[in-house]
Amino acid sequence: MQVTFLGTSSGVPTLNRNVSAMVLKPPQRSELWLFDCGEGTQHQFIRSNLKLSQIKKIFITHMHGDHIYGLPGLLASIGLAGSSSGIELYGPAPLKNFIDSCLYNSSSRLAYSLKFHRVENAANNKEILFEDSELEVKTAPLKHRIPSFAYRVNQKTRPGRFDIEKAKSKGIPPGPVYADLQRGEEVRLEDGRIFSGKEFCGPPRPGVSMVYCTDTVYTESAIEISRKADLLIHESTYSYKETEMAYERGHSTATMAAQIAAKANVDQLILTHLSPRYTPGNQTCPNDLLNEAKAIFPNTQLAKDFLQIDINKS
């Protein structure tokens, strides 16, 4: 599982940071999941090694402009390319009206299906938002000036590694039967012999997990959805010096993000959604936010546009 940051600034873009967007590449799939879509996100795709045509799911955290203004144009561009087989869009209830209105008033027609999923019920009732045989997505309400939601992607436990040489030594011919054995199933060969997949597989391999948490001030629900995640991506709009402003505006300081990471017992924290006031040369710069967080949670990294992170078990 890999994440790529396409926008790491809050509110407005800067010379080096675009507004919020992050891409998840699920393991062993030729598809991309986009989290938030601030203005200019499709330009960031062009500058990266990612393809718009591979987007299959889009998750929007909340309805502030720096998280959604890039979405209508991105959807229209995908339609013009004519290469999408359909997109699933997840977000707060007003998102559907926003997209429908933008497309209608610009006379834009999508050449693919766009299916919208409201997230409020899943968030408030702690239900699974999406699930297939390999992945599941959960969501939780955050604490912001308007309704805002965190997302967690869990990779399910996978079968242990298949010992091909052992299977060959037993005279099991290569082919589809290997896939059955790898799934732990029992198989019968043409000669009547029966084998259990458990004989040829190592211990089950736990999947990895990623949590995307923005915009929010410190809240227990952020801790709950982040518990024991391999990677927590959390907003860090302000320094601890602006704690009062953070509470007033519904944002987190680097200290708050680190406290959430520590209490949730995550493996790694990445800070994103930095206020444009923190630029190199100013009284407070991004590295100050990083050091602030690392004093509480040492395994912290600062996001920057086009940073790619592979999520692995520690």
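Just so you know, glycine gets a Cβ as well, placed from its N, Cα and C.
Going by Swiss-Prot, these are the annotated features:
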ACT_SITE  Asp66  active site, proton acceptor
BINDING   His62, His64, His144, Asp215  Zn(2+) 1 binding site
BINDING   Asp66, His67, Asp215, His273  Zn(2+) 2 binding site
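For His64 (Zn(2+) 1 binding site) paired with His273 (Zn(2+) 2 binding site), the C-alpha to C-alpha distance reads 13 Å. The two recorded residues, His144 (Zn(2+) 1 binding site) and His67 (Zn(2+) 2 binding site), have Cα atoms 14 Å apart.
The two recorded residues, the residue listed as 'active site, proton acceptor' and Asp215 (Zn(2+) 1 binding site), have Cα atoms 11 Å apart. In sequence order, Ser10, Thr61, His62, His64, His67, Leu142, His144, Ser148, Glu235, Thr237, Gly250, His251, His273 are the residues near Asp215 (Zn(2+) 1 binding site), counting only same-chain partners six or more apart with C-beta under 8 A. All protein chains included, His273 (Zn(2+) 2 binding site) registers 29 other Cβ atoms within 10 Å of its own Cβ. For Asp66 (active site, proton acceptor), the Cβ neighbour count at a 10 Å cut-off comes to 23, with all displayed protein chains included. Same-chain neighbours of the Zn(2+) 2 site beyond Asp66, His67, Asp215, His273, judged by a C-beta within 8 angstroms of the site's C-beta center, are, in sequence order, Ser10, Gly11, Val19, Ser20, Asp36, Gly38, Thr61, His62, His64, Thr214, Glu235. Those same-chain residues not listed among His62, His64, His144, Asp215 yet with C-beta within 8 angstroms of the centroid of the Zn(2+) 1 site C-beta atoms are Thr61, Met63, His67, Leu142, Arg145, Ile146, Ser148, Thr214, Thr216, Gly250. The candidate set comprises the binding-site residues His62, His67, His144. Of these, His67 has the most other Cβ atoms within 10 Å.
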